[in-house]
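Colleague: Let me give you the structure first, and then I'll get to my questions.
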Amino acid sequence: MAARPEPFAPPPRSSAMGCSGSRSDLVKPQDLLTEASEARTEERSPLKPLASASASAEPAEPALPGEAEPIIELVKETKEDDEAKEVTEAATMETVAKEDQEDPTAQTAPEPLEEVEAEPEVTEVKCEEPELSWFDSATAGDLRNLSLHVTLATNNGSATSLLDSTSGDERSTALHLSAQQGHVEACRWLLAARAEAQAITRKKATALHLAAQEGHLEVLQLLLEPQHPELLDLNRDAWPTALAVDLWRCSPLHRAAERGRSEVACYLLTKKADPQKADREGNSPLHFACASGCAPLVAELLKRKVPLDFANNDGYSPLDLCVRKKQPEVGDQLVAAGAKMVKDVKKTPPSMLVAAASGLPFYCSYIFKSDERVLKKELLTLDSAGRSPLLLAIQLGHQAVVERLLDHPLCTEDLQKVVASCGLAPLHQAAQAGRMEILQMLLRRKAQVDQVDASGSTALFHAAEAQQLEMLQYLLSQGLRPEQCNDSEKTALHAAAQQGTLEACRALLAAATSEVLIKSQDWEGATAVHLGIKGGHAEVCRFLMEARADPQEALDFGVTPLQLAAEGHQEVLRLLLSDLAGDGEALRRALAGRQGDGRGAWLVACSNGQLLCARELRDAAEAQGIDLSKEEDRTKRKAMTLAALGGHLEMCKWLLETGSDVKERDSCQWTPLHAASAEGHTEVVEWLLKQGADVSAVDEDGHTAHHLARRRGCAAVEEEMQEVELDGLKE
């Protein structure tokens with residue numbers, strides 16, 4: 001005989017997941033989803049035997065299969081029974097009243113309370129609230145918060161809708177978010193909770209796409225290898241497939257190749273991913289692998305004999321993409337496999353200059369496969385600066401391209417060849433660009449270290465001129481002599497001083513074997529210190545002067561160092577004047593030096609508007625009793641006229657303060673007003689007129705300043721002159 005089912009009792013508090021009592025560890029999602037069904041029990045039958053039935057009577061046995069159910073008869077109360085009950089109750093009341101009269105002090109016994117069955121104590125259970133939202137928990141891979149969300153949803157009967165809910169514009173589910181972040185345990189937990197593995201985002205990407213794109217191999221293995229049958233109902237065929245495509249018809253293999261996830265992509269290939277499938281733009285996995293430079297994946301695809309010259313919708317083959325994206329390693333693999341370029345090859349054939357400029361050695365190897373006649377033409381092609389592909393690669397520092405070019409027999413002869421257009425050999429180009437590794441490689445390939453270029457300069461001169469100190473020191477260690485001159489009779493010290501490279505000057509003088517280097521003159525008679533003065537490099541000049549260089553030695557054509565410094569190099573000028581301090585005759589000779597136009601240092605400073613230099617020269621001259629106010633050039637022009645001619649207003653004001661005359665004339669009878677008007681210097685003209693310049697003065701041709709302004713088309717000056725003339729007529 002089967003026993004009756006036990007009555008329903010609520011589960012203990014400790015078994016409630018996520019509640020405020022003592023909590024056990026995380027339970028399986030299956031238990032959470034079936035908790036409600038396990039809690040339901042059968043209700044007890046409302047039919048009970050009456051109390052008047054025999055106490056010893058046993059409960060009726062359940063009917064056997066095929067037998068009729070036993071009928072339980074209920075005993076009904078009759079009218080006679082009701083009357084007898086009323087008589088009994090009345091007699092009882094009379095007896096109680098008599099007892100109260102006999103013993104009035106006796107207290108009335110309280111009526112017995114009806115015995116009520118005690119109800120079990122019910123404790124209110126408060127469920128713990130999750131700290132993160134459902135989607136934030138999935139993104140963070142937080143299993144605890146995911147469990148709390150599922151617990152609350154299960155109690156509300158909305159667990160399925162929670163698992164299938166999406167977030168944001170992308171419409172990503174929790175499984176998408178966890179897979180994208182690589183949270184393997186969170187993905188496993190969601191799959192066990194019956195999350196839809198084939199769910200897609202707004203762009204039709206599955207969790208497999210996102211995991212492949214981010215390179216999460218363990219997540220892919222979880223999604224593609226059903227090692228745990230309890231995770232999903234396999235009869236539903238719900239396992240993701242490596243052939244699924246998104247909105248752009250990209251499979252997970254495309255996405256992995258696009259990001260260069262070689263390990264993930266190779267794993268997908270083992271899971272029957274299609275290596276030849278093209279996306280909506282016509283790109284195969286090989287296109288993506290070449291664009292991302294994923295060499296291991298390219299090697300794997302080449303093993304599978306995928307098409308090499310398949311062009312996408314834009315006409316690019318995988319090799320074209322290697323050139324466009326500058327992927328040298330992948331390009332070498334494709335060229336070795338026989339791949340070809342197909343993008344506009346008829347309009348723009350492959351160019352060796354492009355290969356050298358882009359730094360792609362495989363591009364050179366691809367052109368080497370061309371006809372020998374075409375190859376020679378490519379090697380002789382020059383760019384706009386007159387550089388061959390080899391020189392261009394050296395200048396840009398593409399050592400791999402240089403090595404690839406020199407490995408070819410037709411390029412070996414270019415090692416010692418001087419390119420006529422730019423006049424440089426490969427060694428000079430490397431020294432000039434500071435490409436130490438390339439220069440050392442050229443020397444290992446038997447390049448001559450003392451080779452000269454078209455101007456007779458060695459690599460040492462080019463290193464000094466380009467301020468390549470490390471290169472200069474290395475070439476000195478290779479035996480190059482700093483005293484060697486080029487066709488302009490300049491040494492490397494000239495180049496270093498002209499550029500103001502102090503350390504290079506020190507290195508060259510330290511390597512020199514005699515004092516010839518410090519006194520060496522170029523074809524204009526300039527020594528290294530003269531070029532330092534002309535460049536305004538005070539520190540270099542001071543160093544060379546300490547090395548016994550003569551800064552006061554005149555150059556050819558009567559140019560003095562003081563004139564070079566007066567062009568605007570105040571610090572150098574001060575250095576030269578300090579060297580001449582106390583020697584009035586030497587200062588007079590230095591100031592009297594003449595250029596081709598006959599201007600000394602004083603007039604050079606005034607004509608260039610170098611006010612500070614002019615102050616230094618005047619102070620030094622006054623200290624030696626030299627009058628500079630009468631200095632004039634070959635056309636008899638003095639300082640005021642030259643300053644006005646150049647439009648230097650501040651210089652004109654200072655000269656007026658020092659005694660110059662605004663009415664002075666040159667050999668053509670020009671005044672400063674003529675000079676300023678002829679050049680259209682309106683501010684200087686206005687200032688001269690305010691200082692009393694004669695507007696009616698004429699030159700030897702009978703022209704006034706107004707005439708000169710009109711001839712030159714200086715409208716502003718002409719207008720100013722007209723106003724002055726009208727004012728004069730009114731007066």
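Quick reminder: no glycine exception, Cβ is built from N, Cα and C everywhere.
Please treat TrEMBL annotations as automatic predictions, because they have not gone through curation.
Pulled these from TrEMBL:
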- 37-46: compositional bias 'Basic and acidic residues' (COMPBIAS)
- 47-69: compositional bias 'Low complexity' (COMPBIAS)
- 112-121: compositional bias 'Acidic residues' (COMPBIAS)
- 1-121: region 'Disordered' (REGION)
- 170-202: repeat 'ANK' (REPEAT)
- 203-225: repeat 'ANK' (REPEAT)
- 251-280: repeat 'ANK' (REPEAT)
- 281-313: repeat 'ANK' (REPEAT)
- 422-454: repeat 'ANK' (REPEAT)
- 455-487: repeat 'ANK' (REPEAT)
- 524-556: repeat 'ANK' (REPEAT)
- 635-667: repeat 'ANK' (REPEAT)
- 671-700: repeat 'ANK' (REPEAT)
Colleague: State the non-local partners of the repeat 'ANK' (635-667) in its own chain: residues 6+ outside its ends, Cβ under 8 Å from one of its Cβ atoms.
Modeller: 597-599, 602-603, 606-609, 611, 614-615, 618, 628-629, 673, 675-676, 678-679, 681, 683-684, 687-688, 691-694, 697
Colleague: Counting only residues 6+ away from its ends, which parts of the chain sit with a Cβ under 8 Å from the repeat 'ANK' (671-700)?
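Modeller: Contacts of the repeat 'ANK' (671-700) (Cβ under 8 Å, skipping residues fewer than 6 from its ends): 637, 640-649, 652-653, 656, 662-665, 706, 708-709, 712, 714, 716-717, 720-721, 724-725, 728.
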Colleague: Are there residues at least 6 beyond the ends of the repeat 'ANK' (524-556) whose Cβ is under 8 Å from a Cβ of it, and what are they?
Modeller: 491, 493-494, 496-502, 505-506, 509, 515, 517-518, 564-565, 567-569, 571-572, 575-576, 579-580, 586, 590, 593
Colleague: Should anything in the same chain at least six residues away from the repeat 'ANK' (203-225) have a Cβ under 8 Å from its Cβ atoms, list it; otherwise answer none.
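Modeller: Same-chain contacts beyond the ends: 170, 173, 175-176, 178-184, 187-188, 191, 197, 239-242, 244-248, 250-253, 255-256, 258-259, 261, 263-265, 267-268, 271.
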Colleague: Report, as numbers and ranges, which residues of the same chain sit near the repeat 'ANK' (251-280): CB under 8 Å and 6 or more residues beyond its ends.
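Modeller: Result: 206, 208-209, 211-217, 220-221, 224, 242-245, 286, 288-289, 291-297, 300-301, 304, 306-307, 310, 312.
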Colleague: Quick one: average pLDDT across the repeat 'ANK' (524-556), no decimals.
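Modeller: Over the repeat 'ANK' (524-556), the predicted model scores a mean pLDDT of 92.
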Colleague: Going by DSSP assignments with H, G and I as helix and E and B as strand, what are the residue counts for the repeat 'ANK' (170-202)?
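Modeller: The breakdown for the repeat 'ANK' (170-202) reads 17 helix, 1 strand, 15 coil.
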